[in-house]
Amino acid sequence: MSVVTVQTTPFAGQKPGTSGLRKKVKVFQQPHYTENFVQAIFTAMPGGSDGKTIVVGGDGRYYSPEVVQIILRLAAGNGIKHVVVGQHGVLSTPAVSALIRSLKTDGGILLTASHNPGGPENDFGIKFNTANGGPAPEDVTDKIYKVTEGITSYKQVELPDLDISKLGEFTHGPLKVTIVDSVSNYIELLKTIFDFERIKKWLHETSPKPTVLFDALNGVTGPYGRAIFVEELGLPESSIQNATPLPDFGGLHPDPNLTYAHTLVERVERENILFGAASDGDGDRNMIYGKGAFVTPSDSVAIIADWAEKAIPYFKGGVKGLARSMPTSGAIDLVAKAKGLEVFEVPTGWKFFGNLMDAGRLSICGEESFGTGSDHIREKDGVWAVVAWLAILAAANEEKPGTTIDDVLLAHYNVYGRSFFSRYDYEEVESAGAEALVNNLREEFAKPDFVGQSFKATTSDTSFTVKEAADFAYTDPVDGSVSTKQGLYIKFTDGSRIIFRLSGTGSSGATVRLYVEKYSKNAAEYGEDAQVGLKPLIEVALSLSKLQDYIKRDKPTVIT
Ligand code: VG1
Ligand code: CO
């Protein structure tokens, strides 16, 4: 079968965002749209596509099977030698990263729009990961975008559809295609990281038995959850729910937060479940939620870092360094300080952690957006974080039987203090208004008297004085690459922060994110509701930015 060159013209806006290209399914279904972007990946991949091996898989959302076939045809046209595909095209994002690394492939293509809803009217996405298993760095995504802007043709072999339901090795035109089980490689990796026997001992030899509930929100992690919680840890079938991946996530918004993971929150509260957790559509996010105890992602990563050596065999040899994205609270910085570890503050998006991990300077990191992970792979890893928390509880219960999530949180605050944190999302607002909001803030920041200015809350006398304000820029300590305009932040003299950023994962319009953080070392405040403690700061953020005027919304879409 020969390679056919198909004429095409560029589509505007094929620019990968925080985590790949995300658009409505209908956009990807336009003739040549998906092909153009896949061709750009093959053209831009480091070292070219000729003779290379790649992994292909995703969260199984609507339109994935069709795109797997498109990728196979273009892979054949672009000289790729071997494609490793998850059965039915399904692999969680962490599982793709793990496969790229364990099979030492030249990269992978992930078919997911992560936590965005799926189905014919919703979102699809394509992301390219490089040979280290992590999301392509900005120089590669910039090149992909450049190629899409000038594309005139793509190359393919007109192959019939391959049956991707059967495991094994196949010859498909000029390609070798291996269809692999979606979960086994990943589960084997987790077994090398955690002490499952120790977790089992706590789960089965405690009376009454600790109760666990994992909610896959109809996303990709259902089979992974079953393999770990039911098969490996011996928990009952009732300890997992929404565990069959559905192409439209059963209409759920597969984002593990208090708003969207209500199926989890309700059952945990109703049944007094000790340990609850949820994951997102593609399995890289997680939420930890026990009866009456919500763990903010910023606290979660700090606590995992604090317990790592004691609870997780993978870190027995020592933790190398810690990191967080800029808007994430400074809780992890305090752990790093106490342990004498390096800590890095990177822009939003997991791609910025990869270089530090590859250089052996980073072990554990996280983002406030329910992303937690380590250098066992190069993506954030929802199921890993859930098992990490089970490992912490098992270890904590050895020291003091009956320890709950709440107890772990309080013990942490008693040592390190508490960072109150919240994020307000204003989704799908008009792009012009969002741009104007950001431009206005930049102008304010540039005024000579902005630093030193005090702002008073609207419903109380609390006021905050600006210590520093800037647009976050990051110089990668490993390769020296510079990323600018990564979010506008204001630090106040009392250590509080507010941050404004535009999302890079939406599929239409603009999403404004407002992040607020306030640190307390006052034990009387540790049990407070974050929204109460943060109220004055939020009021100041809204009034100084004139956010409601610019984007014409009086309430956020989601508060986390
Ligand atoms: C959001 C989060 C960011 C995360 C990204 C991908 O990006 O804020 O922290 O890395 O989603 O997460 P943005 O640009 O919309 O703020 V997901 O689970 O794709 O994989
Ligand atoms: Co995700």
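From the backbone N, Cα and C atoms, a Cβ is placed for every residue, glycine too.
Keep in mind it's a predicted model, so treat the numbers as computed, not measured.
Copied from TrEMBL, the annotated features are:
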DOMAIN    14-154  domain 'Alpha-D-phosphohexomutase alpha/beta/alpha'
DOMAIN    186-289  domain 'Alpha-D-phosphohexomutase alpha/beta/alpha'
DOMAIN    300-401  domain 'Alpha-D-phosphohexomutase alpha/beta/alpha'
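According to DSSP, the domain 'Alpha-D-phosphohexomutase alpha/beta/alpha' (14-154) comprises 53 helix, 36 strand, 52 coil.
DSSP assignment over the domain 'Alpha-D-phosphohexomutase alpha/beta/alpha' (300-401) gives 50 helix, 18 strand, 34 coil. For the domain 'Alpha-D-phosphohexomutase alpha/beta/alpha' (300-401), the model gives a mean pLDDT of 97. When the domain 'Alpha-D-phosphohexomutase alpha/beta/alpha' (186-289) is classified with DSSP, helix, strand and coil residues number 44 helix, 16 strand, 44 coil.
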